[in-house]
Structure formats: C-alpha cells, structure tokens
Amino acid sequence: MFVGIAERRNHAKKSNQISLRELMIDGVIICVTSSTECSCGRNHFTCAVSAFGECTCIPAQWQCDGDNDCGDHSDEDGCMLPTCSPLDFHCDNGKCIRRSWVCDGDNDCEDDSDEQDCPPRECEEDEFSCQNGYCIRSLWHCDGDNDCGDNSDEQCDMRKCSEKEFRCSDGSCIAEHWFCDGDTDCKDGSDEENCPSDVPAATCSLEEFQCAYGRCILDIYHCDGDDDCGDWSDESDCSSHQPCRSGEFMCNSGLCINAGWRCDGDFDCDDQSDERNCTTSMCTADQFRCKSGRCVRLSWRCDGEDDCSDNSDEENCENTGTPQCAPDQFLCGNGRCIGQRKLCNGANDCGDGSDESPHQNCRPRTGEENCNVNNGGCAQKCQMVRGMVQCTCHTGYRLLEDGRSCQDVNECAEEGYCSQGCTNSEGGFQCWCEQGYELRPDKRSCKALGKGEFILQNSPVLLFANRIDIRQVLPHRSEYTLLLNNLENAIALDFHHSKELVFWSDVTLDRIMRANLNGSNVEEVVSTGLESPGGLAIDWIHDKLYWTDSGTSRIEVANLDGTHRKVLLWQNLEKPRAIALNPMEGTIYWTDWGNTPRIEYSNMDGSNRRIIADTHLFWPNGLTIDYAGHRMYWVDAKHHVIERADLDGRNRKAVISQGLPHPFAITVFEDSLYWTDWHTKSINSANKFTGKNQEIIRNKLHFPMDIHTLHPQRQPAGRNRCGDNNGGCTHLCLPSSKDYTCACPTGFRKTSSHACAQSLDKFLLFARRMDIRRISFDTDDLSDDVIPLADVRSAVALDWDSKDDYVYWTDVSTDSISRAKWDGSNQEVVVDTSLESPAGLAIDWVTNKLYWTDAGTDRIEVSNTDGTMRTVLIWENLDRPRDIVVDPVGGFMYWTDWGANPKIERAGMDASNRLVIISSNLTWPNGLAIDYESQCLYWADAGMKTIEYASLDGSHRKVLIGNNLPHPFGLTLYGERIYWTDWQAKSIQSADRRTGQSRETLQDNLENLMDIHVFHRHRPPVHTACEVNNGGCSHLCLLAPLPKGYSCTCPTGINLQSDGKTCSSGMTSFLIFARRTDIRMVSLDIPYFADVVVSVNVTMKNTIAIGVDPREGKVYWSDSTLRKISRAALDGSQFEDIITTGLLTTDGLAVDAIGRKIYWTDTGTNRIEVGNLDGSMRKVLVWQNLDSPRAIALYHEMGYMYWTDWGENAKLERAGMDGSGRVVLISNNLGWPNGLAVDKAGSQLLWADAHTERIEAADLNGANRRTLLSPVQHPYGLTLLDSYIYWTDWQTRSIHRADKDTGANVILVRANLPGLMDIQAVDRARPLGFNKCGVRNGGCSHLCLPHPTGFSCACPTGIQLKRDEQTCDSSPETYLLFSSRASIRRISLDTSDHTDVHIPVPELNNVISLDYDSVDGKIYYTDVFLDVIRRADLNGSNMETVIGQGLKTTDGLAVDWVARNLYWTDTGRNTIEVARLDGSSRKVLINNSLDEPRAIAVFPKKGYLFWTDWGHIAKIERANLDGSERKILINTDLGWPNGLTLDYDTRRIYWVDAHLDRIESCDLNGKLRQVLVSQVSHPFALTQQDRWIYWTDWQTKSIQRVDKYSGRNKETVLANVEGLMDIIVVSPQRQTGSNACGVNNGGCTHLCFARASDFVCACPDEPDGRPCSTSEFTECHLGSREGLHVSYIIGGLLSILFILLLIAALIIYRHNKSKFTDPGLGNLTYSNPSYRTSTQEVKIESIPKPTMYNQLCYKKETGPDHSYTKEKIKIVEGICLLSSDDSEWDDLKQIRSSRGGILRDHVCMKTDTVSIQASSGSLDDTETEQLLQEEQSECSSVNTAAATPERRGSLPDTGWKHQRKPSTESEV
C-alpha cells in the first residue's frame, strides 16, 4: 500500500547537498536528491520536486483524476476535468466556481480565468483603470505596490534625478556625493564603476581607521568582529589587537565572539576556529548533543530532519506524531496522504483500508448508482468516474467522510486567508480591513491609506539606521536617499509621524538625538547617564520617548524633549534590547538577551509586568508590533529565526527559520515583514504569514541596524488617556491599559496623586569620572540619576552646600573646580588656573569658603565659594595630599596624605596649629568623613583594605570594616549609616556606622567610582565671629580653633598689614608673564611661588609680548593672532585695545614708564614703532635693514633702546629712543636671540638665545661678552629684578631663576606652564628715573623722545616736523590713499619711510573705489558689499552714506571738485551716473553701449569725463561732463583696462591692463599711445603724482611705482597687503583749476556740467520738489544776478552759432556721402543726451566682421564672499566662440596657427554697431572720417603676439574676487 508524504521543515543550517536516497512504499517512490529533476518509472507519474529536494512518484492513473495526490496539485495542473454543472463556471484549470462569481473582480479560479474577457468596468474619476478591468484608487498609481494584480498600475516613468543626485544604471537616484565613495549605493553597483583611479585617498583622523579602499570609520570598530568597512579590511591583522573581554572567545582571526558559542556546532568565527579541537560537549539544558559533539536545539530532536549532519538527532525515535496532509487530502491510518476524492470510492487507496468501510462511514454502493438518479445521492455535485458515482462540493464547501454530504469551509480559520479581518459565511467568506486600510481589488489583502511624505510622494518608506548615517529606501522601487549623515554609531531609531521628527540613539556618543524628518535641526535629547541605548520607541499618542539601555539595565521614559526623565523599569533586567509600544492599548514590549533571554511586556506606566516568552530564545534582537493584525514579531540572531505570537504571547510560531544569518531589527507593514541582517549587510522582506516571497530590498549597506516603516498607519490614531491637560499631572502622565498614572522624574517623590515635589530633600551624591550622579533617598527605587552637566571629564572630589543648592566637584583632566545647582543648572567653573591635580574638596558652609588639596602642586588652598580671593594655606611638607574635610564647629580641617610617608593631618581652618594625628598603618588613605555626634574621624584605606575611625585628635583608633573591601575610595556618613565607593567591586555600599554590620549594596556594576557624599538640608547652624562684618577682615575671614576663633588672610601674593585685618592694595614686587591665552602674576612678596591669573574679561588667542607701567599699575600685551596691543589694570579691570591696525606679529614690547611711551617690534612688518601709552601719535622709528626684530628693552635715563633681531643674520642692536644713532652691538655667535633685559645697576645687557641654548651678558656697548648659563633648553622671555634673572623656557614649560652676575643658584619658580612667552619682573616700590622731556613734554607738540644727549621732538608716522623742530602738522601734505577691502589707509609722500597708516573709517566691508574732495577734506568710497557710496573726513570721522539705494556694483568713482558733483560707474547696471556731492540731484548720464564700465576720471578744467569699459569689446571712452560728445579713444589691443588716472600737467591718460599686464598712456584724444611698463603682474588701480606713476598689484600684493616718463626706476612702496584695490593721491597740486560751474554752481538750480567751451544745467531723474531749469543757457546764465562775465555770454552765443553751422555742414556731408555708401558696411549710431530737446541720429559706415570674432564672452555669478566671478567660454587669441558649433571651433584653431596673418589682417575687436551719444553737430565730417580711420588703423595694428594664448584663455576680473579657478585672474 502507499505511504503519504508529510510536508517537512528545513532549518537554515541544514544543507541541501544530501546523497540520493530512495524509498519504495506501496508503489509510491520517495527520493531525496541534490538534482533539480526527478524521473519515475513506467506506469508512474512524476510529481514536481519539493522545496526540500524530495521527489514523489504516483500511479499514472491518479493523474488528472481531480484529486491532489502529489500534495502540491502538480498531478492536476493542466488537466481537463469533467464539465462543471450548468450552475457553475468551468475555470481554465478545471476548477468549478459559481457562475455568479464570474467578472466580479475577484480571482476565484485562482488562475484569473473567471476575470478574463470581462466587459470593461467604468472607473470613477478618482480611480485608475487597470488593464485587467479592475479599478483602483488613483493614489495607488505608481506607489510601488501591484494593486491591479497585473502590475499595470506600476508601469511608470522613471523619476528624474535632481542636480544633486546621481542616476544609477537601473534608473534609480542616489546622492551625488555617494558616487565613487567606496560604498555600493546603487543596487546594480553602477555608482562604483568607472571611478578614477587617482582619487586621493581620504585622510583619516587619529580617532579613525582607514579601510582598504580609503573610507574612514571610527577606530573603535577596528577589530570588533564586525565588517564595518564592507570588505572586512577592518577585521584583518587583528592578532595583535587587544584581547577579548571576559565572557568572549577570540577566533584565530582576532574576532571576538560569545564564549558560549565555542564548540556549539555553529561556525561563528569567520575562520571556523570556534569549532576546532572540541573534545567535550558544552551543550546547554535546552540543547541536544550530537554524536559529533555538536549542539543543536532540543526541539529539533526527532523532527524528521538531519540537523546533526550525522543523523544522530533522528535515531531511536518513536512515532512522534502524524504528518500533516494538505487541506484537500485525507490522512490515512498508516500516515499516508491521499486525495480527498479517493475517500469511500470503493478502492483501497491508502493501502490499509482506512479510506473505506468499515473504517469510514461510507454509504454502501450498488451497481445501479447514477448521477441522473437522485443526483447520485450527492448533496451538491455528482460525476461518474470509472463507472462509479463520485460526489464533490461547490467551492467554499468540503466533502464529509460519508462521501456524499458537504460542509461549509471556514476560510477564516486559515491563517493569512485575509490580511486582517475575516467573516465566514455559508459557502463563502468576507475579508475586511481595520480603520486606515482599504481592501484591494483581490478582496483579500488590505492597503494602507495615507502617504509617506518624506521621500517623494509614495508609501511606504523604510527608515533605517546605517551606523554612520540614517537612510530612506522605498521597498518596491529603487529610490534610496540620505536623511542624516556624519553620525558616529547610530543604532536604534524611531519616528513621530505627525510631528515630523526622527529619533535615534548613538552608542558611541551615548546620546539620544532627534531631527526633523527632512534632516534639519539636529539636537540632543538625552545626553547623560546612557551607556548602551540599544532600543528606542516613540509614543506618538501621548508624546513620550521610551528607551532601553543594556549598559545600565534599565528602561526609561521621558518627554520628547528629554525632560522629566524617569527610570521606568530597573529590577530583574539584564540586557534589554528592542522595545515596541502599543499606545492604543497602553502597553510596552521589550526583549532581554541577558543570561535568561525573554520577551516581556507591561503597561506603559511600568505596572502589570509579565513574561510572555522565555523559552527557545537566545538573542531576541528586533521586535515589532502589527497593530492591524494584533500580533508581535521578533528576530533571534542566534537561532536564525523570525517568530510571531499574539500580543499576549500565545500562538507562537516560527515564520522564517532559514536564510537568516544574523537578523537584527524588524518592522512590519501591510502583509510584509522587513528586517536588517548584519551578516549580509542587507534589508530583506517576506510575507508575514508564510515567510515566503523573500526578497532583498537593499544590500551592500555599511551596517544596517534598526529599521522602521515610515507611514502614518504605523502610528495609527488612538485615545489619548492623558487628554489635553496632561491628565492633571505636574510632570509625567503615563498611560496604562485602561487609564493613566501620574509619575515623577527619577528620584522625586510624589506629594499627591497628581503632583511631584519640586526639589530633592536628600540624596546620595557620587562621582563617576565622566559624570556625577545622585541616588534619591526620597523614593524607594534607589535608581541613580545623572546630573546633566557639561564637559565632565574626570571628576574626583565632591562636596555640596544646601544653602545655595550647589554641588562642587574637581576635575583632574581639566584641572578645574566647578559648581552647579543640584539639578545641573547654573554650571560654572570656579577655579581653573594653577591647578595640577585637585584631588580633595571641602565646603565651609558657615563662612562660604572652598578648601581643596592639590596633589600636583602639593598645596592646600582656600577661596570664596565663587573662586575669588584665592590664597595658599599650606605649601610645605605635603606629599600628594588627597581628601580633605572641614569642621566649622571645631574650626579644624583634616586631610589625608598618601605620599612616601602616608599620614592624616589636621590644622586650623586658617592653617594654624598643624598636627599629624595618624601616621602608622596607613598605605593609601583616601576618603575622610567626620561624625559630629561621636566626635570621630572616619577614613578608608585602599592599601590596607579597611575602613577605620578614631577620635578627632587621632586617639582611640579602631577598625570598623576589615574584610571584603577590595579598594575603598570615597567615604561619607549620614544618619546611622556609613557609605563608601569601591573601585574594584564597582559598587556603592553601606553599613552601620557604629558596628560595620548590616552591609548593603546600593548600586553595583558602576565603573570609575570616585568621591561620595549625602546631600541633605539638616546641617546644624554654627555661629562664628566671621558672621559680623566679615570679622573686620578686608578680604578673607577664616575660622580657627578656639580660643582664637578666626583669623584674617589675604589673597595669594598680597601681604597682610600690621593691623592683622587689612591687606595691601596689590602685589608690590612680582613676576608677570604671558601664557598665550592668559597673563599671570607670581608674587615675590611672599615665601612661596604661586601664579595668579590676571582676570581680564577678554579672550586672548596668542599673547606674546608683555610690559608693565608700574606707575598706573597697568599691564600691556600684544596678541599676534588678534593683531592688537591691549592694556588693562593689574586686577583685570579697565581693559582697552590701544593699537588695532597695522600689526602683524608683535614679538617685542616695552613700556617707557618714565617717558610715558610704549615701544614695540613687529617681525611681520619688520618695523620698530613708538606711541603714547594710549596708542596715539604712533610713529615708525626703524624700518630699514630689519629682518625679524624680536625682544626690545629700554634705558630711558641713557636714552637708548636695545633690540634683538633673529633673522638670517642674527644680531643685537642699539639706537636712541628716537631711532637715531643706530649701531650693531653684537652680530656673531647668535642664533635665536629671544629675551633681552637691561641691568641698569650692573650696566650690562643680558639676553637668552634659544638656538645656542645660552643666557649671556655684555656691557651696554656690547663689550665684555660672557656666558652666564649654558645649557638652557629653550629660553624665551628674560627679565631681571634685584640680584636675580628670571626666564621662561618653552621646553621645560617652566619659569626659572638664577643669580644675575654668576648664573648660579638656579631654582624652579613655577612648572607645568605650557605656552610660556614673555616675562617681566616689576617692583612698584622702586622709584622711577628722571624724565628727560620734563613736565612740558619738552615743548613738543606731539612726541618727545629721549636720546643719549637729550631728547628730540617727533611727529606721528608720515608727518614732517616743522622748521621750529617742535610742532607738527595734523596730517601729511601729500600722500597716497588706498583701499584694501576692509580698510582705507594712507602712505605719506612727505617722508621716506612709506609706512601705511590706517584711517579709522568705521563699517568697512569691501571697499573698491576711492576719491577725495580737497575743498571739504572728504574721502568718498564705494562698498560693494553694502552697495553704498559713503564719505568721511580725511581723518576717518563723520562717516555718512551719500548714495544708499539703486546700486549694484559700483566699480569707479570720481569727484568733480569744481562743480561739486560725484560721478560713478555701475557695472551691475551698466550705467554712469552723477549726483551732487551730498547725493542729491541724482541722474543717469549714460546707459547705452556700456558693457562693463570700470574706472572713471574727470578733468573739470577741460570739462571731460573719461572711463574704461572691459566688456565684450574693451575700450576707453571720453565724453563731456554732461555725457555729450561721447567718443571712443582706445578700443584696440585692450584686455582688462582696470585703473585709469589723469596727469593734469602733461594732459595724458594712464591706464593699467590686467590682462595684457602693462601700463599704457595716451593723450586726451587717444593719440600718441605708448606702453609705459610692459611686465606688471596683475595691476588693478593707478594714480599719478609728480614724476611717478603708482599702482596696486593683486599678485604681488604690493603698491609699486615707476617713473612716468621712462617707465624705469621701479620701486615697491608697500608690500604684503592683502586685497589691494583703488589708489589715489591726495595733494594740494592735484585738484586745481576751475570752470564756469565753479561760481554759484553756474547759476544752475541742480546740476551744473562744464564742457570744453561752455556748460549746461541739468535736472535730476527724480524730481525733488524744487523747481528745476532745463533751458540750456538762458535761465542758467542770464538768470544769474551774480554778475557772470560778459565773455561767458558772448562765448555761449558764438558756440550756438558754431553748432548750427556744424549741423548744416553735416547735412551736406551726408548728402554727398550717400552716393558712395557700401551696403556691406555696418552702422555707428550717435544719439543726443536724454535731456536734450531734440534727438538726431547720424549713421556712419564701418567694416563688418564675422560673428565668431566677438570678444570676451562671460557669465556673471555671485561669489561666496559677496563678490563676483566672470567666466569666459572657449577663448583663443582673444576670440570668443559664442555658438556650440564644433566646426567653428576648429576654424578658430586654424586661425590660431596663422595669427600673424589672419588676425592682423581681418580681426577687428569692436562691435558691429556702436552707439555713441553725441550732441547734434558735435562731429564734423573731417572728425568723423578721422575717427573711422583711427579705428581702422588701430584695428589693423593689433599686436597679436603680445597676447599669448595662455593669457587670452584666462578670465576677466571684477576687481574684488580673490578665489578663482586655475588660470583665472585671481590665481595670479
């Protein structure tokens, strides 16, 4: 007989490569093969190969008998079964269905044949018509889901990628910067194809590891066992890496795995080394040991599968149960499955007769049975088979055992038959969907409504953490985008859909972060108290954040912003991982993969906690809830399985148990599961009911972690149990299953059912290096809570003050003492200077004093609790003092010292009566505590491993606890208990303070435990003498033992006066030194050296040089980064900057306290300067032959200054203090002469040389040179006082002292001071010398400077002394004025030093153009950042805006000093405008035929206006000052004509060409052109004075000059100036001459414009309310009653007559000329100014040119620095190709090779039509013809050889753009 085949399960680890086995049972052949094909013998039918490789053979006659004999219907596929009844429809697959079901939209035949050839259904307007006739919602079209069933709704066009995206070969889009980044982001890998091989490798930081292909990952991922690089390069060469942690096994490759996986039968190591040399079994209780020693799950024993690989798990198995047959099969008694229709058919199909009578209730058969008689006895369908009646049932029914009756099939009992809801009916069923879902056209599956709006417009979106970033991917399409990047180690994530927020945890930073779903507004939510936050869940209804932390073994909750944080669950938690919420039901679910893996749930308020699964779990990682299906799903990474269960844990079932190497996180949506896998680095999906249809959504990811489906239906709406008022709760409102609970933040007690206490009454306070925590004693849970503090790096000592609610702590990493309120607010640093290892801390809560020990400096110090009035109490005989406690009641302080001779000491709190009280049997005495009640002192000794106590005087010593104390550290007392921290036990423990019994552990598993205290509010009040008037003390009142009671003390370095109460006003004798970021003082008045910071309220960046004015008590310093010299009082007050301009690197500084001057050296500018102490009257003393001047020293009485120069030829020089009598004293055997000091008493010079490592001395004239000290490692600053020299040393980071005469007795003053620079020694009690300048400043008007024989008067830089040799002018007479973006400076031409002086004009941003007005003494300038024209006095005062609107890019500016008009060019608007000097009467003069107008200049005496234009056709033009008679002067052989200036004496124009790199000139008519200088780098602007032409150069960053006649004698006036722009000369000789507008504005009401022979009046473009005359001369001239000269009137009339004659002549000329007009010529168009009454156009012929010879094409772009860029396109030899035709480009290449011929003969660089404004009759025939001839001659004389291809290929400049592409003008 036949044996059926059971459906089998196959585990993921089971191999399919099993040898062929055959079994012949009653005619059915069952074989298992590795082949994909099966072959049966004769008379047998071969069934399809099963998923497990099994083949089945059945008798041939069973094929097409309507019965499912193979179990998979393969024997019935394609068979034509008997015709269905007339009431049924015959499907193509032979199935019969009700005819009423045809064309109803449901696939009832299961082959869709009942829905074919149906009349098209009319779809509604909001529906999409599928090709198969279905209608679906329009929103479902192109959403990634096959809603139609034939995929016709997903035939969509590919999305266009944006400019910032890369299109993969499959059409998907990824971020542009992912292209060739080493990660495969496209599914097809096309983003990493064809990548350039020369891509520079990424440079990884010190905290990063570089993968083999260049990517950088965090170094902590190196050799951590995970393939973080993606190519395993971070896991190679790990043999030398640090060993694995406890509980781990290290593979041979260096990988660390769980020790329990060793010899468990699974290859967990990548090299399989965990399964080698396994001799004994390590199987657990829930595992079965194979014969090979391998461990498999116990549940796999006797399951029919060879899981052991040696079949030992299937041996000796009894019948463990009957196999499960298919639903339409019958299970025989012998276990075989046969087709249901073979039941009661009269044949023994089972082989054991169990399918027939008497085993079945079969109706006796007669030979007369016929379907035509009584329907053959069948209840529904009857058919004749082999002459016998066979009954069948309609769809929806199944045949009963009697073979005749039919029973309704409950389809709803079959899992997954409907997606969500199912209602069974007689013969049918009805699927339905939850709210928010809609039934699809198949009437069985549900589709979620709503959109995932955050990637395109489709749904759903998979949001997943990828460690270094968070990404989004569409599961059904290839869309793949980045949400957040540059993350450290993002693990868990969740989102809040309605608030559009995403939350994630970072286990490297130990932070929980959030951001908007568009990636913006990233912020920290939880930043403290986290160790390994591996799970995260959002309550979207009640707006709460829940998370798990496997490091702290807690589940916590907080508001979405992290406030009101509460530990929700902490007991019986080991390693909680995944967490999921069901806010609709008020429940929380989580997994725990500790020693007892389990899945639990509770209410969201922590109540009703239950275990719902704790068997067959190992690594339950991911967890998710199917809200619509009311189920939960989880993954187990060790068991490689995805399981599901009801929400109460029932009906647990494995969904997928194969193909899961290491699943981590899981989510569910609609009918699909999505999960991430660590091993495959992929996101996968499968059907949530069957586990089938597995698909890889995305692979080759960096490291996929948590995953969620971003869709509104994943966060469905529900009832907010807390309502709108937070349930009336003051803090947290947490939902439960039916209601809600008010909860308090961790540690806060409830004061009522709805309210919490506002503060903590008492709590245990302890430090943990990286944080400070508290354990509240107000509640029972004793959970530790991190106080939210910033920048805690290594906290050690603690104390507290309940009066102000402050907590104090020391940090030995930052060497600081800080404080904050107990809740973390008001955090501030109290002391952060001169600390080296502050290990102990104590608060005197009575007098508000702060005591601390410093094990680095071996001191005990005290200050006010805010850090002020700090002083050293004990500095002698201390050796690593540790803890300190104070007893304000008794007036004593106690401290431990664990140096070479450990001891416990005490002294008065004022350091009096010092006494050693314990000195024996001590090793490492750490914590101290005082028991006021018993008057005992407790201490912990980590070396003795004891806690002891004694009386306060050290007597009656006893051991309290002497066992089980591995390493006690902190110690405190409260009530009847003693509390301590233990480093080794990693715990906080307590015991009875009297007996040491009743020991308890409050917290364990806490690393790095430090100090401990109990904060409470019950300290006893103490009355002291310091309460009243501070004890009479001026500064510190310190408690002391009775009878004294107290004493007064002064801050460090200040002495107490004889009254014992008052302190001196400050230090008298002291060292003061610079330390880059601060300035410190060391008092020499006291017996110890302690440095005190000068508390200047300003940020210092690089303070180098320092000087002191002992008279006023002020310190002066230079900062080379800020480029300033500043000063302040010695107490830090009165800070001010005195020099803020013209400094580069001020290395040396000296204060002349006698003469009230400050001297400084600048190694950047190579100058020595002097000024008054407030920075005024600044003068350059020495500027020639300086290389790198450094230190400077003064000897006022002798009138000398000395300085060192450590340039190429190091030397030591001397000069008078006025710069006279300069002489080199020493120039040999010097290297880096740094410090310099004058010993006035010993008449010697001393200097320190860091290169020769010596400190040397010599006489004041350089003779008798001798070495004082050698070697000294790297001396820098040097000073002397009395008989000692002091110096700073970079190498030792110390200050040293030695005898000044012998160099002996070297001692260390202060050590551990990085960044030491200059140092000065000061004695304020020493009288100052005699001032050579006396009381009247020597009679000098400005500077009085000493020299050896007396003094001399001097003037500020650039100003000459008058002949009386005492007084100075207020400013130079003639000087250069130039702009450099953010400054306007001057260089005097009256003096020879050429030093630039900043003019203090405020609010300068990007100054381009300059001019000045000599009449009012004003500077005018343009600022293209603000788009304004402004003016100020020549001294920088009275700045005001002249033109503030309607400007774009004002490049040129010119002042008409006669007519009081202001002209400017605007290259942004392509206009030339004019206004009065005050900005009124604004008018556009020229606005046509301007392309890029740049520089502009006026000649008022001649009435001319000149400007340059460097547009497509570069040119220089001229017009009258009213814009009339416009004329092109130069338009050939020009590149970028930048600057323009006029020489009014020689009547010539000078200009610079930044493209041709030359300076040229011509006369005022454009004739007599000559090149003055042919090789200049990149000139921008120029000016002229006397015989010199001055210009600014961008490339050399300098101002240079040449002789204007010869172009020779080139000199650099000023070098090393960034951003040089315009330059002009201010001189009395510059703005001279007059014209008709100079008197009473020519009688004009608004604008007066002088011309060559007359002048005109004009009106502004915008009326200003005043009447304006527009007549040309009548009103303007005759209306003036001021008495114009009659010659002007006569001249005007003659001019009018002359113009009329010119017009007539022009008409005659045109009439004659028209006869010879060449039709091929172009036009020159002249038009009158717009204010003229009539307009005429004169057309003049010119030569045409091919279009391809247009010049200087460009595009304008706004640059990042408010500047502009202009780019040429394909320029060859100055020719621009405007079209994209390659043939024209080739033509240009040919032209290039023959430039000497073709270009010279045929190329003319001018436009086809040039529009020139001119008054009618302004050009006669002769002049017009002359113009054409000039143009023709200039065009034909183009010198192409001068313009190289390289130069022509560069870009035109705009004048203020620095950053350019290579070969552009700014690269120069």
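Just so you know, glycine gets a Cβ as well, placed from its N, Cα and C.
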Among Cys130, Cys135, Cys161, Cys168, cysteine joined to Cys148 by disulfide in TrEMBL: Cys130
Bond partner of Cys173 - disulfide, per TrEMBL - picked from Cys161, Cys180, Cys186: Cys161
Per TrEMBL, the disulfide partner of Cys332, chosen from Cys317, Cys344, Cys350: Cys350
TrEMBL annotation, disulfide partner of Cys168 among Cys142, Cys156, Cys186: Cys186
The repeat 'LDL-receptor class B' (1113-1155): DSSP-derived helix, strand, coil residue counts: 0 helix, 21 strand, 22 coil
Remote residues contacting the repeat 'LDL-receptor class B' (500-542) - C-beta distance under 8 A, at least 6 residues beyond either end: 218, 220, 454, 463, 465, 470, 482-484, 487-494, 548-552, 558, 560-562, 565, 576-581, 583-584, 588, 590-591, 604, 706, 710, 715, 717-722, 733-735, 771, 773, 784-789
Helix, strand and coil totals (DSSP H, G, I; E, B; other) for the repeat 'LDL-receptor class B' (586-629): 0 helix, 23 strand, 21 coil
Which listed residue (Cys118, Cys130, Cys148) has most other Cβ within 10 Å, given these are disulfide-bonded residues: Cys148
Within the repeat 'LDL-receptor class B' (935-977), residues counted as helix, strand or coil by DSSP: 0 helix, 24 strand, 19 coil
Tally of DSSP helical, extended and coil residues in the repeat 'LDL-receptor class B' (1547-1588): 0 helix, 24 strand, 18 coil
Residue among disulfide-bonded residues Cys173, Cys180, Cys337 with least C-beta crowding, 10 angstrom cut-off: Cys180
Within the predicted model, mean pLDDT of the domain 'EGF-like' (431-446): 86
The repeat 'LDL-receptor class B' (1156-1198) and the repeat 'LDL-receptor class B' (1243-1284) contact flag, 3+ Cβ pairs under 8 angstroms: yes
Whole-number Å value for how far Cys269 (disulfide bond) lies from Cys325 (disulfide bond) (Cα to Cα): 40
Of Cys161, Cys211, Cys295, Cys325 (the disulfide-bonded residues), the residue whose Cβ has the fewest other Cβ atoms within 10 Å: Cys161
Disulfide-bonded residues near Cys350 (disulfide bond), in sequence order, restricted to Cys103, Cys180, Cys295, Cys337 and a 10 Å Cα cut-off: Cys337
Cβ contacts under 8 Å made by the repeat 'LDL-receptor class B' (1199-1242) with residues that lie 6+ beyond its boundaries: 1148, 1150, 1152, 1155, 1157, 1159, 1161, 1168, 1170, 1181-1182, 1186-1193, 1248-1252, 1257-1258, 1260-1262, 1265, 1275-1280, 1285, 1287-1288, 1300-1301, 1318-1319, 1332, 1345-1352, 1354
Candidates Cys103, Cys130, Cys173, Cys186, Cys251, Cys332, namely the disulfide-bonded residues, that fall within 10 Å of Cys295 (disulfide bond) by Cα distance: none
Helix-strand-coil residue split for the repeat 'LDL-receptor class B' (1243-1284), DSSP-based: 0 helix, 24 strand, 18 coil
